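What TrEMBL says about this protein:
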type: SIGNAL; residues: 1-25; note: signal peptide
type: DOMAIN; residues: 17-216; note: domain 'GH16'
type: ACT_SITE; residues: 110; note: active site, proton donor
type: ACT_SITE; residues: 114; note: active site, proton donor
């Protein structure tokens, strides 16, 4: 077990417990905000549309997408990862500027949660593409078993910063440093979630352990619908996530952020390739 300072360990535990057990008051059915993009019967809907299962076998995985594109927002979903040894399988939740079924788009933007499974151990990989420049991976070991219960994963995106949250705890911040020559995601983006076979990337799947199922809940979306005629519309401070208190982490968030990164982060692109990335 990781040894956090006792007070912060208690805080992490309480926050994780709260978000794993609470039901969002504005929970709405899946079909109201999302639709299936691939996988056929490998996506199933249950509990009156309030839960979706994506499963993968030797034949297919599955995925779904938001119906709308956004220019900013506070995007969150509850997710429970596949159990067993799911090495080679990746479960994702991310923002993407390339439209569904669109050929590869140059200069695309993307903000990724990617979960790697393997022999009861899980790695959370995060990545950011801006103007088609990626390779900004940061990886973490989580302080709980993500296959045992639902936990909330979120992406805050405004014109000042992108923040990755796990159970309301910030684990990664990417600032808008365009004034220093750093590309920053600014295209319209939609939400996608998938489960897929990544054998070529993270190792061969043991199908005797399968099929592997990921579970998703809480499909309400807090986002500004993108307007092609007025992209700046989504920067208005009438949206709470654009207000000044969301331009940077609060002191409490900063403290939690530093502890999680010190104790849980296992890979940081800035430590490997700082000279190639001005933001490092």
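In case you wondered, yes, glycine gets a Cβ from its N, Cα and C as well.
Over all protein chains present, the Cβ of residue 110 (active site, proton donor) has 19 other Cβ atoms lying within 10 Å.
In the structure as shown, the Cβ atom of residue 114 (active site, proton donor) sits within 10 Å of 20 other Cβ atoms. Note on the domain 'GH16' (17-216): its mean pLDDT in the predicted model is 91.
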